[in-house]
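Peer 1: Quick one: this structure, given as C-alpha cells, is what I'll be asking you about.
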Amino acid sequence: MTMVIRKSSSRAMTCLFLSQLLPPTLSHHNYSFSIYKSCRSLSKTPSDFLGSIWCPTVCAAPTIRSFSSKFSESSTTARMQNPESISYLTQREAAEVDEILMGPLGFSVDQLMELAGLSVATSIAEVYKPSEYSRVLAICGPGNNGGDGLVAARHLHHFGYKPSVCYPKRTRKPLYNGLVTQLESLSVPFLSVEDLPVDLSEHFDILVDAMFGFSFHGSPRPPFDDLIQKLVQLCKFDQNHQKSPVIVSVDIPSGWHVEEGDVSGEGVKPDMLVSLTAPKLCAKKFTGPHHFLGGRFVPPSIVDKFKLHLPPYPGTSMCVRIGKPPQIDISALRQNYISPELLEEQVAADPIDQFRKWFDKALAAGLREPNAMALSTVGKDGKPSSRIVLLKGVDKDGFVWYTNYESQKAHELSENPQASLLFYWDGLNRQVRVEGSVQKVPDEESEQYFHSRPRGSQIGAIASKQSTIIPGRHVLHQTYKELEEKYSDGSLIPKPKHWGGYRLKPQLFEFWQGQQSRLHDRLQYIPQEIDRKVVWKIVRLAP
C-alpha cells in the first residue's frame, strides 16, 4: 500500500489552531508518502522566500505545536499588550458604544452576545485546558452579561469542557429562551441556587462570573448577593493555600463599580478578567494573572470617535491578552495525561504497521507537521547533536529524509552511521522512538524527490551551504537572486551533488502513550531471528 500526502502551507493563527489537511491517496505496493513542508509560504521574491524558509530549508522544521493553541503568530498564547497603552471606557462611553453598534451600525443583540460569549470561551481555553479544568459552573445574571455567560457555556461544551449553569433569574425573552434551549439540547445541567453544593471547590474547576455588566447600578439583590459572597469566600479560601476553583469574570467582576473597581473590598477577585469591546475603567484595578480582551467587532468609526487604542487580534483569534502572562515556576509545569491504554494485544505485530496507524491518527487530528521528527546523531568525538527534520517517506525498508550531505549531521553520519528518530505528537499524548543504521538513498531516488519540490525550494537547496558560517543574510539573498535569474527561463534546475536523502533502517522501536500519574505505557519492539526469519518481540517497559 502507498500513501501520498500533499499538505498545503498554513499559518497558525488562533486561540483555536486549524490546519489544512488533504486525505491520503492510496496505491498498492509499498507504503510511502511525501509531505511538503507547511512551515513556509512560497513567495516570488528571494527576501520573502528566505525569510519564511530559513529553518534551514533543506533539513529543518519548526517545533511542533498542537491545537490551540498553543495553535505561530500565537497558538498557545494570544498576543500580549502593555495595559498602559490600552484605552479604557467610562460607563457612559460603554453604553454609547453599544447604542451605536445596535443602532446605525446594524448589529443585533444576539450577534454581539454570540461574539462576546465566544470570546469568553476562547479566553478560558487559552489558559485553562479541559484536561485539567473540565468542570465549569457559569453563574448567569438576568441581563446581557448573563446571556454572554450562557453563550460561553455552550462553546465550552463544544471545546470539551463539562459546563453547568446557574441561572436563577431567567429573562423571559425569545433570545434568552433560545440560549437555554440550546444548552438543554446539549444536556448541559441547570442548577438552582438551592442545588448548588455548599463547597463549590469540590465540584468545579472554573467558575464563570457572568452576573452583572457595565450597566448595573446599586447593590446586588438576592440571590446574587449570596452568590457573590460564595465567590468572595472562595478567594479567601485560596489565600489560605487550599485548593480553590479559578474565577473568570465577564467584563465586570461582580461587586465592582464599573469605573472605580472594588471600592468596598467585598467584590469578587477573579483570576481572569475578559473585557468585552474595550476594557472598562475598573479593569485598571484588576490585579489577577490573566486579562484578555474579547469581542472582535469594533469598527473603525467607533475607534475614531472614541479615540480607542486597542490591541490587534492575532490571526483569526477571538481574544487577545492584555499585559504579560504571570511568571510561572518551571518546575510546576506538568500535564496529567488522559489517554486510552496501550495494550500489547491491541498493537500491530509489525512496528511499521503500528507506526502507520499512529501517523494516520496524527494526520486525522490535524496536528501541525506530524512528520516532524528529532534526528539525533553522534560523531567520532562522542558528542550527540539533535535537530528537527521532516520525514519524507516510510516503508518496510525504513524512514527517509533529505538534507545537505555537507551538513553537520551528514558529517556525523559518515563517522557513525547510527541514529535515533523521535516523533512527538502532543495533541495525542504520543511519542515514537526509532533507532537504527543509516545509509544514503540511491541518487535516482533523491533526484526524483528533488524535482518534485517547489522551484524556490530547489534554488534554496543550492543557495544554502548548510552549517557553514556566513557574514549575514544578505549573502543568502544575493546568492538566491542570482540563481533565480539563472533559472528564470523555466529550465530544469540540477540537483546539487551534495544534496540527497538518507534512510534509517529500524533496529528498535518504542511506542509511548502518556497516562495519568506518570504511569505511562511504553511498548518496545525488538527484532529476533526465528527459523531464519526476523520477527519483532514486544516487551513492556516501566515508565
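Note that Cβ sites are derived from N, Cα and C of the backbone, with glycine treated the same way.
What TrEMBL says about a protein is an automatic prediction, not a curated fact.
Copying in the features that TrEMBL gives for the protein in this structure:
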| type | residues | note |
| --- | --- | --- |
| BINDING | Asn144, Asn145, Gly146, Gly147, Asp148, Gly213, Phe214, Ser215, Phe216, His217, Gly218, Ser219, Asp251 | (6S)-NADPHX binding site |
| BINDING | Asn145, Asp209, Ser254 | K(+) binding site |
| DOMAIN | 94-310 | domain 'YjeF N-terminal' |
| SIGNAL | 1-27 | signal peptide |
Peer 1: Would you please pick out, from the binding-site residues Asp148, Asp209, Asp251, the one with the fewest other Cβ atoms within 10 Å of its Cβ?
Peer 2: Asp251
Peer 1: Other than Asn145, Asp209, Ser254, which residues of the same chain sit close to K(+)? List them in sequence order, counting a residue when its Cβ is within 8 Å of the Cβ centroid of the site.
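Peer 2: Nearby residues not in the site list: Ile139, Gly141, Gly149, Ala210, Met211, Phe212, Gly213, Ser249, Val250, Asp251, Ile252, Pro253, Val268.
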Peer 1: If you count other Cβ atoms within 10 Å of each one's Cβ, which of the binding-site residues Phe214, Phe216 has the most?
Peer 2: Phe214
Peer 1: Between Gly146 ((6S)-NADPHX binding site) and Asp209 (K(+) binding site), find the distance joining the two CA atoms and give it rounded to the nearest Å.
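Peer 2: Taking the Cα atoms only, Gly146 ((6S)-NADPHX binding site) lies 9 Å from Asp209 (K(+) binding site).
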Peer 1: Including all protein chains displayed, how many Cβ atoms other than that of Ser254 (K(+) binding site) lie within 10 Å of its Cβ?
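Peer 2: For Ser254 (K(+) binding site), the count of other Cβ atoms within 10 Å is 26.
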Peer 1: Whole-number Å distance between the CA of Ser254 (K(+) binding site) and the CA of Phe216 ((6S)-NADPHX binding site)?
Peer 2: 10
Peer 1: Kindly state the mean pLDDT of the domain 'YjeF N-terminal' (94-310) in the predicted structure.
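Peer 2: Averaged over the domain 'YjeF N-terminal' (94-310), the predicted model reaches a pLDDT of 92.
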Peer 1: Phe214 ((6S)-NADPHX binding site) to Asn145 (K(+) binding site): how many Å between their Cα atoms?
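Peer 2: Phe214 ((6S)-NADPHX binding site) and Asn145 (K(+) binding site) have their Cα atoms 9 Å apart.
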Peer 1: Just to be sure I understand: of Asn144, Phe216, Asp251, which binding-site residues have a C-alpha no more than 10 angstroms from the C-alpha of Asp209 (K(+) binding site)?
Peer 2: Asp251
Peer 1: Please report the Cα separation of Asn145 (K(+) binding site) and Phe216 ((6S)-NADPHX binding site) in Å, rounded to an integer.
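Peer 2: For Asn145 (K(+) binding site) versus Phe216 ((6S)-NADPHX binding site), the Cα atoms are 10 Å apart.
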Peer 1: Which number gives the other C-beta atoms within 10 angstroms of the C-beta of Asn144 ((6S)-NADPHX binding site), all protein chains shown included?
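Peer 2: Within a 10 Å radius of the Cβ of Asn144 ((6S)-NADPHX binding site) lie 24 other Cβ atoms.
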